[in-house]
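Features reported for this protein in Swiss-Prot:
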BINDING   Ala354, Val355, Thr356, Gly357, Ser358, Gly359, Lys360, Thr361  ATP binding site
COILED    689-735  coiled coil
COMPBIAS  23-42  compositional bias 'Acidic residues'
COMPBIAS  62-74  compositional bias 'Basic residues'
COMPBIAS  87-112  compositional bias 'Acidic residues'
COMPBIAS  159-168  compositional bias 'Basic and acidic residues'
COMPBIAS  180-192  compositional bias 'Acidic residues'
COMPBIAS  217-234  compositional bias 'Acidic residues'
COMPBIAS  241-256  compositional bias 'Acidic residues'
COMPBIAS  271-288  compositional bias 'Acidic residues'
COMPBIAS  768-792  compositional bias 'Basic and acidic residues'
DOMAIN    341-515  domain 'Helicase ATP-binding'
DOMAIN    542-689  domain 'Helicase C-terminal'
REGION    1-117  region 'Disordered'
REGION    159-295  region 'Disordered'
REGION    757-830  region 'Disordered'
MOTIF     310-338  motif 'Q motif'
MOTIF     463-466  motif 'DEAD box'
Amino acid sequence: MAPNAATKKRAAARDDDFVLTLSDDENDIFENGVEEDGDNAQEDTLSSSKKRKREAAEAPKGKNKKQKQLKKSKKGESAAGAVSDDQSSEEDEAEAMDAGEDDGALDSEFEFDVGGNANTGVIEGFDGWEARNGASLADAPKNGDKKAVDIDDIISRRKAKKEAELKKKQQKEKKRREEEGEEESEGEDADSDGGMSVDFQDDELLAADGFGMGADGADESDDDVENGSNDSDDSEGKGSEDEESGDEYNDDDAASDNDSVATPVHHPDDEAASDEESEAESEVDAEEAEKRKAFFAPEEKSTAVSTFNRSFQDFNLSRPILRGLASVNFTTPTPIQQKTIPVALLGKDIVGSAVTGSGKTAAFVVPILERLLFRPRKVPTSRVAILMPTRELAVQCYNVATKLATHTDITFCQLVGGFSLREQENILKKRPDVIIATPGRFIDHMRNSPSFTVDTLEILVLDEADRMLEDGFADELNEILTTIPKSRQTMLFSATMTDSVDKLIRVGLNRPVRLMVDSKKNTSMNLTQEFVRLRPGREDKRLGYLLYLCNEIYTGRVIVFFRQKREAHRVRIVFGLLGLKAAELHGSMSQEQRIKSVENFREGKVAFLLATDLASRGLDIKGVETVINYEAPQSHEIYLHRVGRTARAGRSGRACTIAAEPDRKIVKSAVKAGKAQGAKIVSRVVDPAVADEWAAKAKGLEDEIEEVLQEEKLEKQMAQAEMQVTKGENLIKHEAEIMSRPKRTWFETERDKRAARKLGATELNGPSKKDKVKLSNKDKKRLDDARQRHEGNIGWKKGKADREAPKQGKNKGGKTKSDKKNKIKMKGKK
C-alpha cells in the first residue's frame, strides 16, 4: 500500500503545480476535436512517466530538444522535491538514449564528413569581393573618405533641367498660338503643307529602294556580305573573323574598309622587330644562365608527374583547413597549387608563375594557414606579411584568406590606403597573425605606429611580384626589405614572373625553388582574342568604334581598359549621356568610390567598368564576359594581365583590342604568342560608316561634356571647402589632442615621391613627352643663332681657337709664309 500512497501524493502534487507540455501528436487531437475529461487527464499524467522513454525514442531529435528545454524550464517551477528528482532521472535516461549510450551500435545512415561541411553552408558561387558575413563591401562603414561627386547625379539633374526647360518652352509656344488665334494658325499650316518645301536631300524621307539609292556603297555592301560583316550582332565573334590572317594583322581586308585604299605591304619595322625578337629569344646569355643555375634551387622533376590531379586531402592538411577549403567549394587543387603547397610547407623560398585565374592566391594562403596552426599561442605575434600593389587586390586577398580560415583562430589585418589609420592602429595593437597590405601604408605604420613591430615576421609574400619589382615600387620595397628580418621565408608570385636574377636578388631570396606552371606567358585556352584595326588617319574615330562595340556587340559584363585616367573619366561621361550604365575605376577616385564601382559592377547594377591598369592585375570578378582594350597597352605583359580578367577558372571569355598603327608591335607579339599556344585569334571588321556615325554622336556631345566637367569641378571645390571648414573646426575643438600627436614621418622627400610616381607611370604608359623647361636668355640666343645660320642669313662666326690660330694666307709677292720658311732652310743647307 505504501507505493500506492506515494503515487497518489505525486499525482496530487503534479495536478497542483506541474504544467503539462503539449504532446507530439497534439495536431491529431485538435483535428479530431476530442477533448479529454479531468479523469482521463489524470490517468494520462499517471502513465506519462512510463511513456516518456518510448516517446523520446520515437520522436525526432529536433522535437526532443524542444521538449527537453520545456521540461527543464517547467522543472524549476515544481514545488515537490521528489517529483523533480524523478523527472530529472528520467530525462537523464532519455538524453542517454538520444546520445546513443544505450548500446554501441553505429547509425546506418551516418556519413563521415571529411571537409566538415555538414553544418556549414557551402558557398556555391565563391566571390572574393563579398564580405565575410556575406554582405556587400560597399555597405561596410568606411572612415576618412572624401565626399564623392556622382556623375550620374549631375547627368540626371541636367536631363531633368532640360526637360523642364523644354516643357516650359512648349507651354509658352502653346500660349502664344492661342493668343494669335486658332484659325490663323490653321491657315498658316495649310499654306505650309500646300507648298512643296520638303527637303529631298534628307535620307530619312527617301525610300531605301528608290532610284539611285545605295549606288555609292553597292560594292562595299557586297564585300561586307561576302565577309560576313552583317552578322556583327552575334556574340561569338561573327562579323569578319579570319583566324588564318591573324599574324599579318588582317592586311588583306583593306577593301572592306575603303575600296580606294590599296592593300598595304609588310611594314619594314615588323621584319626588323621580328628578327631582333628571335635573336633575343634564341640567344640566352651564357652568363645569365650560369647566374640562374647558381641562384635557383634544382627542380625536382619526379614529383611533378606524381602530384597531378591529387586532392587537398593528399597534402596532409589539418582538418580546419580542409573544412575552410570545402566551405568555399575548393575540391581539386590547380597545377600551381599542386606544386606550391608541398614546397611552401617545407619553408623554402618560392618564385611561382602561372596563367591568370589559376588560383595563385590560395596557393600561398593555404600553406601559410597550415603553418600558423602550429604557432606558439602564449604571446600574440604578427608572423606573416602579404604585400600587394593595389588596394583592390589587397581587399580581395583579405576576403579570400578570412574565408579559408573560418574554422581556425588565425587573425588577419588589412593595411591599405583610404581606410582609417586610427582603426588600423587599434587592430595592430592586438598583434594579428597575418598582415595584408600595400607597401605605402605598411611603411607608414612601420614608422609611425608604436604598437606595430616587424621583428617577428617569419613569412613574406609578394603577389604580382614583377610589378612590385618595377621602378615605381623599388624604393618602398627596399625600405621594407631592409627593415624586416632576413631569416624569413619569401614567396613571389605573378602571371608574368621575371627570370632576371639581378631583380630577384634584391628581394633577398635564399636558393628559391622556381615553380613555373606556364613559363611562356600564355593566356587562358578558353579565351578568344579579337583585334579591330584602325586604318591610318582614322585614329580620331577610336571612340566611335568603342561605342559601336558596346552598343551592338558586347552589351554586358564588360571591362574597358584605358591608359589614362582622364580618358577613362571622359568616356564615362559619354556613356552616361548616351544612356549606357557604366562605372569607372582609377587612382583619382576615393577608396569608397573605388569599392562602390567594383561592387556595382559585380552585382550587375552597371554593365561596363571603365578602368585603368589599376584593375589589370589580380582583380577577380565573377562573370566577366569581355575585356576591351581602348588602345593597346605599353607591353605584352600588361596585355596578358588585362585580358586575364576574363576566362578565369575554366570559364570562357573574349578580349577585343582596338589597335591603330602605333600599336602594331604589341598586337604582333600577342598574335605570335597566341598562335604558338594554339589560342583562337580573330580579326573583327567594323563598318567605317557605322563607326563614323557613332563618332559624330560623341563629337556632338562635346559642349555638354565640358559643362558636366565644369559642374563636377565646382562640386569638388565645394566639397573641398566643406572639408577645410570641418578641419578648422576640429583644430579649434581638439587643439590639445592634435598638437600632442607626434608628427608622421616618411623615408622619402616630396621630390623623391614625385620621381617614383613618374617612374611608375612610365612603366605603364611608356616614356612621356619631354617636359617643357623654361629656357635662359643664353640658350635662347644660341638657338636663334643656329636658326639664322641654317637659314643662311649670317655666316659662320669664328670661335676663340679660330681667331688665335696663325694665318695661312699669301703675301703680296704671291708666296705664303710657309714658302718663305722653306726657301730659307734650303739656303742654309747649301
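For all residues, glycine too, the Cβ spot is worked out from N, Cα and C.
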Problem set entry | Thr356 (ATP binding site) CB neighbourhood, other CB atoms within 10 A | 28
Seminar exercise, completed: Taking DSSP helix as H, G and I and strand as E and B, the motif 'DEAD box' (463-466) has 2 helix, 1 strand, 1 coil
Exercise. Using an 8 Å cut-off from the Cβ centroid of Ala354, Val355, Thr356, Gly357, Ser358, Gly359, Lys360, Thr361, can you name the remaining same-chain residues around the ATP site, in sequence order?
Worked result: Thr334, Ile336, Ala363, Ala495, Arg648
Problem set entry | Conformational class of Ala354 (ATP binding site) under the three-state DSSP mapping | coil
Seminar exercise, completed: The mean pLDDT across the domain 'Helicase C-terminal' (542-689) is 91
